[in-house]
Amino acid sequence: MTIKEEVTTMWKSGGGDDDVEVDEDGNELLAGGRYLTPAAVTVKRVVVVGYALTSKKTKSFLQPKLERLARNRGIQFVPVDPEKSLSEQGPFDIILHKLTGKEWRQILEDYRQAHPEVTVLDPPDAIQHLRNRQSMLQDVADINLSNSYGRVGVPKQLVITSDDASSIPDAVTQAGIKLPLVAKPLLADGSSKSHELSIAYDPESLQKLDPPLVLQEFVNHGGVMFKVYIIGEAIKVVRRFSLPDVSKRELTKNSGVFPVPRVSCAAASAEDADLDPRVAEIPPYPLLERLAKELRRRLGLHLFNLDIIRDHGNPDRFYVIDINYFPGYGKMPEYEYMFTDFFLSLGQRKYKKYALASC
């Protein structure tokens, strides 16, 4: 069993805050002369989480409040040296990571094969699926989720892999997608370039884009986006301000390509804004739970978020426009409690599995 065990002394009287004294023979006793007995010693299991994150990610995720809460709940965070064999480090119960590169992916994959009892968050091959916007939303499109709570899909989109931007207008016409179009880099690798979105209003401006890229039909959504954070089976939804709607009149007046600001960042929070309820109402949780459950199964991931918008003309119609692996959870209210619950559940599941196997 790799779950670390710590022997914690618990006083028979039920407390653990009394001062410990030692008699002349070296035996520990409590104030008042009460001896500690073997029955007063219990075992506390600690869930060890090895983390391999960039310095920026470490700072944003491992905030002091999370570390304090984790420590109090029996979770220990241990930094991983990506230059050394993982098997020589630890032991670990969980590996939490967000590093890139073929060498690191291979190290993780080798470790997963050698230590199937350790939970790796998440499998490198599954993460790679989200690093390409061509494949990113395919699972959502395949689900085409629809029930009494609403319908979830993806906007019409076109993948441009050719480096010849002059061919884009004809490709758009043949695909039958309508302007305006949101242009997104094909690779979603977390780099600053992968976040450089733009919106094109007319056919001529399409030739100014920089392929390879993905073109998505712009859907009017009342200027509000819902960021659906998923941590295992838990879901948290927050509102963000987004791009304003585009009217037909504006579409005829506007031309060119315009950069899109990082509208989904925490500074764009719309939680306390006075918004039209028809725009700001959170998507129904039963719908989100079903979507999250299906995507966890299809993607093979535990940690991701969905960017979702509601069709302003059809309040029961929702679109997933982006999926991000291990997003900025540190910006999410109460993320500390959700993560400690999640880590503890993984540790408990592993311990039960070990206990059953050893019976």
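Note: Cβ is positioned from N, Cα and C throughout, glycine not excepted.
What TrEMBL records for Lys57 is 1D-myo-inositol 1,3,4,6-tetrakisphosphate binding site. Residues or ranges marked as 1D-myo-inositol 1,3,4-trisphosphate binding site by TrEMBL: Lys98, His195, Lys227, Asn324, Gly328. Annotation comment: TrEMBL describes Arg133, Lys184, 216-227, Ser242 as ATP binding site. Positions annotated as Mg(2+) 1 binding site by TrEMBL: Asp307, Asp322. If you look up TrEMBL, you'll see Asp322, Asn324 marked as Mg(2+) 2 binding site. The domain 'ATP-grasp' annotation in TrEMBL covers 146-355.
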_I need the nearest neighbour of Gln216 (ATP binding site) among the binding-site residues Lys98, His195, Lys227, Gly328, using C-alpha distances._
His195
*For Lys98 (1D-myo-inositol 1,3,4-trisphosphate binding site), identify the closest of the binding-site residues Lys57, Arg133, Phe226, Asp307, judging by Cα separation.*
Lys57
*Cα distance (Å, whole number) from Asp307 (Mg(2+) 1 binding site) to Val224 (ATP binding site)*: 10
_Using a 10 Å radius around each Cβ and all protein chains in view, which of these binding-site residues has the most neighbours: Phe218, Phe226?_
Phe226
*Tell me the Cβ neighbour count for His195 (1D-myo-inositol 1,3,4-trisphosphate binding site), meaning other Cβ atoms within 10 Å of its Cβ, over all protein chains shown.*
14
_If you measure from the CA of Arg133 (ATP binding site) out to 10 Å, which binding-site residues from the list Lys57, His195, Lys227, Asp322, Gly328 are inside that radius?_
Asp322
*C-alpha of Phe218 (ATP binding site) to C-alpha of Asp322 (Mg(2+) 1 binding site): distance in Å?*
13
*binding-site residues compared (Gln216, Asn220, Ser242, Asn324) - highest count of Cβ atoms within 10 Å*: Gln216
*Taking just the CA atoms, what is the gap between Lys227 (1D-myo-inositol 1,3,4-trisphosphate binding site) and Asp322 (Mg(2+) 1 binding site) in Å?*
10
*Among the binding-site residues Lys98, Arg133, point out the residue whose Cβ has the most other Cβ atoms within 10 Å, with all shown protein chains included in the count.*
Arg133
*How many whole Å apart are the CA atoms of His195 (1D-myo-inositol 1,3,4-trisphosphate binding site) and Phe226 (ATP binding site)?*
18
